[in-house]
């Protein structure tokens, strides 16, 4: 494996469903010599889409990680899913990438899911460039897409290519850095292309865009700016250097175009990945906590530092068993060595180490900073854990995982299925942190929870195919939550005397809504529950305090209104008392649970429901009906905008009202309208609706 860090690119390819992400990745693998035959998504043969459900549905569910080479550089590509139910996969990949290519559909432009993925990439400060795909399709409009990148994403596009010809006459691109045309030969599957003079009818436009490009890049370097302003020629080398600098600092985002399906534009895209996206060295450091001191700091990304790596994905491979994908941030690791999982504080022995190509694998003996490899047979490591050198323990930044918004009951069909189902669900939950399972206390049913109907459908499908479990499925239910709306204080004493050792614990706790908490720490802003101890003078000994937190964490899973998990509140332990003999961690855990049960009703608790951001694209003539229907679903229409000859309606609608919406929309618009939705936030349920929900529980 190439050991020079500057020769590695860890990139993700992310976009909206159907923008042509997997096809683009397929072409990259083909031209870099990793696959001998181009896999077509709509034939169900794409190399990256290797789970059966993916090949059938033509969508990518799990980000396959694969390695290829271009211009002596090692490119590790993570292909991410574009369907909104799988945003967790995207979030995980972005965390371990150094750069990304955002693929846009040249016809549809910036779609809702593209926005979601873009915001996620902003969160992790991932430098990226844009590839406007499908330039050969009817209605493709490169310039409109560039405007949408500006308007919808609030990003600064740097156009470095222009399309030559439109729709079926799309022939190639104008390279604004070299100021030449790149034209592909159709008969060579796009493997052959040549640089030519820019066509006459494009010269004026190319000059105009070249001037814009120079205006934007010279701002990054005073010397080159002086040279440019005094009328001297800026060299190709200098332009490339500045584009790289601006891309890495996110001053702008280079925009390229092509048609991956028609094999045009992929090689210049690869050149741009190598020229402009960062290597691990450009990122320089990774945030983490030093275990010995508890101090948060930036650790250098370097081969000479002690070993550290982040596990970002777990996959079950039919031949190797469980595979844990890791991104190595520092140092190196060889098979046979032992490292420590610092989150679980457990040792892990490194057995087989594999370099993955979609679902083929190559054994390697060592991996070092910058590499992405899969480890076989780790016992205790789950997604988001850190593996580190035993002598210098670090915990790298954890990933935030969203709360599931939809749930269904599953019942195994037979006794044999029942035994297999437990194993299947625990394996699937280990792979996917946005998928949870629980047992309903009252009915004893197994409940599975996820990010959307498609997400759960695929989980059930995998249970059937991979684990041979047959199950009956209930109707989807909304994952409601509860919260409090005002602060309350509770002083509770737990006492139990019954022969032998007694139990004693007193706790005084303030519960308050998170929105009322002043000076929230940065790392607490995305949490749904915060616990803090303000005990002074040992009123509750240090070793008992984790018992209080554990008790609250367990009990908040069943709230006080209708038994839904309680979120968005802070619990502060302010006082308490203990007994030398009768107190224990367990006694404090019980006291905390009872304090919760007694205190929460005083906090004016309310029921919350998931609100989805819905976007409907409909022809003008159905607009009134669509809006009327959204209003009848307790929707709040936020606005409309024309897109081509259709209207885009944006609204916030409770998830509870969106089940079966696809059929209603189809009949309202004679099948011509389409919609997409993403979870946006939790909001209070109106009183009369809340009463109905409580009555059902």
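Every residue gets a Cβ built from N, Cα and C, even glycine.
What Swiss-Prot records for 6-281 is domain 'tr-type G'.
Taking a C-beta cut-off of under 8 Å and a sequence gap of six or more, residue 135 (GTP binding site) has these contacts in its own chain: 106, 142, 163, 166, 170, 257, 258, 259, 264, 265. The DSSP secondary structure for residue 135 (GTP binding site) is coil. Sequence annotations record features per position, and here Swiss-Prot assigns GTP binding site to 15-22, 79-83, 133-136 based on sequence analysis.
In the predicted model, the domain 'tr-type G' (6-281) has a mean pLDDT of 82. Taking all protein chains in view, 29 other C-beta atoms sit within 10 angstroms of the C-beta of residue 15 (GTP binding site).
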